[in-house]
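S.K.: Mind looking over this structure? Questions follow.
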Amino acid sequence: MEYITVAMGTWREPETEHLLPASMSEGKAADEVRQTSGEWSHDTSDDIHTNPSRPGGNDDEKKTQEFQSVVDIESATSDDSYDNLFQDPKKLAYYSKIYEDSQYECRHLLDPNLTWTTQEEKKILRKNDWKVTFFAFCCFTALNFDRYNLGQALSDNFLQDNKMTTNDYNLGQTINLICFLASELPSQLISKKLGPEIWIPVQMVAWSIVSMCQAAITNKKGYYATRALLGLFQGGFIADICLWMSYFYTGPELPLRMGIFYISNPMTQVWTALLSLGLLKIKNNTLNHGWQWLFLLEGIGTFVVGVAAFFHMSPSVVKTKKWFRPKGWYTEREEKILVNKVLRDDPTKGSMANHTPVGLKELFKALCDYDLAWIYIMRILVDIGASPTQSYLTLLLRQMGFNTLETNALTIPYSVISCILMLISCWVSERFNERALTLAFQPFWVMICLIPFLAWKGFMKDQWGTYALLTVLLSHAPSWPISITWCSSNSNSVRNRTVSAAVVNIFSQVAAIIAANIYRKDDAPMYRRGNKDLIGIAAGALVWTMLARCWFQWRNYSNSKKWNAMTKEEQDDYMVNTKDEGNKRLDFRFVY
């Protein structure tokens, strides 16, 4: 696609293919002034700056017209950023029937002729960022406090106090991950039936109680039991809340918001490290270990956030009003704009009501989606990454002679750098519409950074040199937000999106289970065997990610070839009568 810029206007060559639904185009800027059939972006019939063939005009005229062009662009309707497929009567009738059959709760707001300004869209986006993304971030932070505070407990002699070894620790982590994995899909299905606004708060309150009970651990049996219960109650939470967020955002808006959401992972490690500096010093006759206070107080914090979630979360755009919030989140016009914006970007988001459960037949179809399997397998390989090193970081630092306070403080720098790089990677993914190449950088980083662990004789001997290597290794941008939004973009149905959000996290837990057993006691303290395994896995992840990119490119080429071989009438008939569903439709294009 070639672009030619002339003064204030932008010309695009006419499309040679028939237009596809807007959901097949990713990365469109929300306030871009554009067109789709070789015409000017805004009304330029009298604009000398966008019509070079028009003669003359004095300087004042030109300045006035140039200013008018700028005003036109600034006040352009933001709905121009989306291919409005609903203006085609056949497509409008087709999707209206789907929305009616599914009893989609926002169907009454569908308006093919609705227009809105960029300023209106930005105002709604700001509301969503505060009420949806920020609150999701707070909930995820609560989960991460209860997931990661074990690392700080280790630095306070948690294993010794409970007469446990590192192998016992590994087993407890494995039990936690297996339970987390086992509850992932059932939790997502329950959430789809009850609604995330009900199920997520229930989960949070349940695991916060278990988290507080960890303060009573006295042996490895208690450790195993609490790890198992935490996994059962926390499983599915990430997929549930990611699906909830997708109700309020378009595809191009979601990657950066997911990046902000997932910043919680490294940032929580910073906050738990800072809090532990004070909490681990608390001791009295009732609880005489600092790690007991750590579990108790952070569990109470999660309980408070869980109760707040009962009151804050809303089931959909049109159901934000409650008895204590009579005006809701949006005005009536804002509701209409948001619904139409989301549907024009991805019309399949209205194909299932938010509280409609996924049946066994639909579940089986989604689980057998061979296209999304490429992303699932990639998630296993990429997520293993340097996870064992991260889990063992506090133990490694203690082995090198750092005390408890120093150890916790030294975990902060890599977490901060990882936050920054995660946001940059999400921006790059959205800006250049590149998922695979952005993700491929992580295994490459891990592979390069692990090699000195084997080649350098000063590893685990040179205290600060080893710490510097560990910090660089763990500072890479994680794959979580991009892989989640990649699955969402390539689902093309609510059913697929619901199941894939859970399945991709299941594969992430599989990665964590594998990673939890790579560093073993008989390989300590250098873990040379484990690091060799990690290098091999990183190399495999790099190759697989590039193969996935090639696969989606080939699928798009194959679909385009078949689609373009049809006449316009055949395409219209296919859209209405085809038995193909979701991402198996010929008029769908994968992102990669």
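Cβ from N, Cα, C; glycine included.
According to TrEMBL, the protein has these features:
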COMPBIAS  28-49  compositional bias 'Basic and acidic residues'
REGION    14-64  region 'Disordered'
TRANSMEM  229-248  transmembrane segment
TRANSMEM  260-280  transmembrane segment
TRANSMEM  292-313  transmembrane segment
TRANSMEM  410-429  transmembrane segment
TRANSMEM  436-455  transmembrane segment
TRANSMEM  467-487  transmembrane segment
TRANSMEM  499-519  transmembrane segment
TRANSMEM  534-552  transmembrane segment
S.K.: Can you tell me which of 229-248, 260-280, 436-455, 467-487, 499-519 gets the most C-beta pairs within less than 8 Å of the transmembrane segment (534-552)?
M.R.: 436-455
S.K.: Can you name the far-off residues of the same chain, 6+ from the ends of the transmembrane segment (436-455), with a Cβ under 8 Å from a Cβ of it?
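M.R.: Here the qualifying positions are 378, 381-382, 385-386, 425, 428-429, 469, 472-473, 476-479, 482-483, 527-528, 531-532, 534-535, 538-539, 541-542, 545-546, 548-549, 552, 592.
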S.K.: How about the transmembrane segment (260-280) with the transmembrane segment (499-519) - do they touch, taking at least 3 C-beta pairs under 8 Å (6 or more apart in sequence) as contact?
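M.R.: Counting Cβ pairs under 8 Å (6 or more apart in sequence), the transmembrane segment (260-280) does not reach the transmembrane segment (499-519), since there are fewer than 3.
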S.K.: Are there residues at least 6 beyond the ends of the transmembrane segment (410-429) whose Cβ is under 8 Å from a Cβ of it, and what are they?
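M.R.: For the transmembrane segment (410-429), the list is 151, 255-256, 258-260, 262-263, 266-267, 269-270, 273-274, 393-394, 397, 402, 435, 438, 441, 467, 470-472, 474-478, 481-482, 485.
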S.K.: Could you give the residue numbers and ranges of same-chain residues that sit at least 6 residues beyond the transmembrane segment (499-519) on either side and whose C-beta is under 8 angstroms from one of its C-beta atoms?
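M.R.: Distal contacts: 170, 173-174, 177-178, 180-181, 184-185, 187-189, 235-236, 238-239, 242-243, 358, 362-363, 366-367, 369, 372, 375-377, 379-385, 387-389, 391-392, 480, 483-484, 487-488, 491, 527, 530, 533-534.
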